[in-house]
């Protein structure tokens, strides 16, 4: 495992890494003894805790089209209707809850004076793709159809998410882009999103393969848990033998190191050539190429209809290049993009905001960049 020298407060990140590894080790022990699964224990550790009343916010738990949500509404009076933000949490589609992201959602709602709807979508491996995507889409549609109840301007609705939640926000945004019966989304905010499972050998995957909070192997593990409910064929997916040569060639115009600026390749990059294609593996994982799971693979005709976008990336993150590649695609198709790059950031840094003493200055800067973008809309 690797703690990059460019990370602010490396000792604190080492502590985070130690907690992460200890949790994984204890989870494995509990699973082997039959007490509970490693994933169940991981959820317990990450669940967060319920907070007290917020003096500046009305907070209520509701259901939107049978999907649990938590709605945050500023108590202060407003001259007009507020912007509405639909937030999808991260956690690899496997972890995360309303409580885990309570402080993040409260901060965004308070500081941007917006109504925030946090969505508790169904988690893998119990609920496989497309369950999470469908929950996020259905909750968003319900909110947009009942928007008058929350004092929100129908022309100022934004989807937002981090990591797996960024994936879900991008997929929902693409689905709604072509629709005509709902108001257009005002913007999408993608915080170090995972957007493709075609190539786990992009430069950022090699440079940051051992950097917490997301290791290269775990990225593939989470994608497969979401897709199939298990992580069989993880090694073949990491090596690239799950994609047919003709399909790899087709998507090379969008998923290629050639589309990543040279300055991001100066740290040791040793690109691997994909191993030989294995048809049996492709049959098991071929839905990885569906845009609702890998939004980077959607056609240009959809990309051209997407709303103004904000993308946050971190230098020390295996998913950095997913964000960079999507930024280029959006810009190439005439979509306005605000890009914020945390040179000293790592994956998951936003979710650590005010979290049990694990906050990092870069995470606060990233959150404030999101708030500033929202205020500019």
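Here the Cβ of each residue, glycine as well, is placed from N, Cα and C on the backbone.
The signal peptide annotation in TrEMBL covers 1-27. Long-range Cβ contacts of the signal peptide (1-27) within its own chain (Cβ-Cβ under 8 Å, at least 6 residues beyond either end) map to 37-39, 41-42, 45, 208-213, 215, 315-316, 343-344, 346, 352, 358, 360-362.
DSSP labels the residues of the domain 'Alpha/beta hydrolase fold-3' (85-231) in these numbers: 62 helix, 25 strand, 60 coil. Feature annotation from TrEMBL assigns domain 'Alpha/beta hydrolase fold-3' to 85-231 (among others).
Per TrEMBL, active site is recorded for 163 (among others). Counting every protein chain shown, the Cβ of residue 163 (active site) has 30 other Cβ atoms within 10 Å.
Confidence across the domain 'Alpha/beta hydrolase fold-3' (285-350), taken as the mean pLDDT and rounded to a whole number, stands at 98. For 285-350 (among others), the entry in TrEMBL reads domain 'Alpha/beta hydrolase fold-3'.
Residues or ranges marked as active site in TrEMBL: 317 (among others). Around residue 317 (active site), the same-chain residues six or more apart in sequence whose CB sits under 8 Å from its CB are 192, 204, 208, 211, 214, 345, 346, 347, listed in sequence order.
The Cβ of residue 347 (active site) has 27 other Cβ atoms within 10 Å, all protein chains considered. According to TrEMBL, the active site annotation covers 347 (among others).
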Treating G and I as helix alongside H, and B as strand alongside E, what does DSSP give for the domain 'Alpha/beta hydrolase fold-3' (285-350) in helix, strand and coil?
25 helix, 19 strand, 22 coil
